[in-house]
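Visitor: Let me give you the structure first, and then I'll get to my questions.
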Amino acid sequence: MVWSPVLLGIVVLSVFSGPSRADRAMPKLADWKLCADEECSHPISMAVALQDYVAPDCRFLTIYRGQVVYVFSKLKGRGRLFWGGSVQGGYYGDLAARLGYFPSSIVREDLTLKPGKIDMKTDQWDFYCQ
């Protein structure tokens, strides 16, 4: 098959046209968050899910009752009902953990690992979907 320059150009542009529809900034849930460190990389606490929660979009985590959740941030202001964290991806830990938000009301904090004392401004990457 012979590729014409126009057809080849269309294929190249469609492949390298930028982020896909799944890669996008989503609306911010809050302007501020509480973290344990300045990178928000250390978990504040460990919590246990009291009920199932199905993520409404890619910013959120789907969590099942009984799962251990690592809390990395607590949103402030208008988003104060949501915390940021991760759960292990598979039953035996064979899948990578994913970060996302969930309602604070569905978990019970069982262990404080490092108190959340640092107020951080959120940015677009805090609510970016991939």
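Our numbering is plain: 1 for the first residue shown, then up by one each step along the chain.
Glycine is no exception: its Cβ is also placed from the backbone N, Cα and C atoms.
Annotations per Swiss-Prot:
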type: SIGNAL; residues: 1-22; note: signal peptide
type: DISULFID; residues: Cys35-Cys40; note: disulfide bond
type: DOMAIN; residues: 42-112; note: domain 'SH3'
type: DISULFID; residues: Cys58-Cys129; note: disulfide bond
Visitor: Restricting to the domain 'SH3' (42-112), report the mean pLDDT as a whole number.
Guide: 91
Visitor: Across the domain 'SH3' (42-112), what are the DSSP residue counts per state (helix, strand, coil)?
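Guide: Residue counts for the domain 'SH3' (42-112) by secondary structure: 6 helix, 34 strand, 31 coil.
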Visitor: Using a 10 Å radius around its CB, how many other CB atoms surround Cys35 (disulfide bond)?
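Guide: Result for Cys35 (disulfide bond): 21 other Cβ atoms within 10 Å.
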Visitor: Whole-number Å only: compute the distance from the Cα of Cys129 (disulfide bond) to the Cα of Cys40 (disulfide bond).
Guide: 18
Visitor: Helix, strand or coil at Cys40 (disulfide bond), per DSSP?
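Guide: Its secondary structure by DSSP: coil.
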Visitor: So what sits near Cys40 (disulfide bond) in its own chain, CB-to-CB under 8 Å and at least six residues off in sequence?
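Guide: Set apart from Cys40 (disulfide bond) by at least 6 residues yet with Cβ under 8 Å, we have Lys33, Phe72, Ser73, Gly84, Met120.
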Visitor: Counting across all protein chains present, how many other Cβ atoms fall within 10 Å of the Cβ of Cys58 (disulfide bond)?
Guide: 15
